[in-house]
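Participant: So TrEMBL says this about it:
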type	residues	note
BINDING	16, 18, 212	Mg(2+) binding site
BINDING	153, 154, 187	substrate binding site
């Protein structure tokens, strides 16, 4: 596809992860299955540790909030193999987490627990973060051009740092000036992007946001950010209207800074 000029007033790139810097298959076929396959064992091993207790507390608060708002919740089936209170509590947490994952929930409570589970897998080399080949060279060019680069993902900041800190390309955290997750707000809400601009210390129109999802692009655009939608294998198909409305790229290399940096 053709080169696309980045607006001259751009000072910051804000990057999504899944489908933008990283293949969706990495998340769907490696990260998420790891949680499903190891969740009960992880909870049993760490149940009495403070970090795990905090994760479980947040998940319970999320469930209570869902009940208050009359949102759908997992149904706890009677399991005759569960005998102790701890086993019963662990099984309920497992059911809640698996239900949230099946519903593609983006709750902070879920993402925090997932991040803690992935940490051990990354550190021991069981998992290495994947990034598209065009990503690292492009970010290095942008940084040489004086631009800052931030990550904004529904995955926790810890999970983001693990992915880029233990990647197939090596340690990449020095490429980024900061990270944002859903603690700053949901990615489909324009207020989140206003909050990010304020936190970074720049005007919304000085930020270029790259994402694979049109609904996130709309929220960012409504907040005043410049946007490009990234089309990668396996990403959600854009409508004809969305393709005509947004800048569309298939590679970071298509983005050209003023002065051909």
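Cβ atoms here come from the backbone N, Cα and C positions, even for glycine.
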Participant: Using Cα coordinates, what distance in whole Å links residue 187 (substrate binding site) and residue 16 (Mg(2+) binding site)?
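Facilitator: About 10 Å separate the Cα atoms of these two residues.
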Participant: What Cα-Cα separation, expressed in whole Å, is found between residue 16 (Mg(2+) binding site) and residue 153 (substrate binding site)?
Facilitator: 5
Participant: Within the same chain, and leaving aside 16, 18, 212, name every residue whose CB is within 8 angstroms of the centroid of the CB atoms belonging to the recorded Mg(2+) site, in sequence order.
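Facilitator: In sequence order, the nearby non-listed residues are 17, 19, 20, 21, 22, 24, 153, 211, 213, 216, 230, 235.
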Participant: Restricting to the same chain and to sequence separations of six or more, state which residues have a Cβ under 8 Å from that of residue 153 (substrate binding site).
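Facilitator: When sequence neighbours closer than 6 are ignored, residue 153 (substrate binding site) has 16, 17, 18, 159, 160, 179, 180, 181 within Cβ distance under 8 Å.
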Participant: Could you list the residues of the same chain, at least six apart in sequence, whose Cβ is under 8 A from the Cβ of residue 154 (substrate binding site)?
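Facilitator: Set apart from residue 154 (substrate binding site) by at least 6 residues yet with Cβ under 8 Å, we have 18, 106, 111, 181, 182, 187.
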Participant: Are there any residues at least 6 positions away along the chain from residue 212 (Mg(2+) binding site) with a Cβ closer than 8 Å to its Cβ? List them or say none.
Facilitator: 16, 18, 19, 20, 24, 229, 230, 231, 232, 235, 236
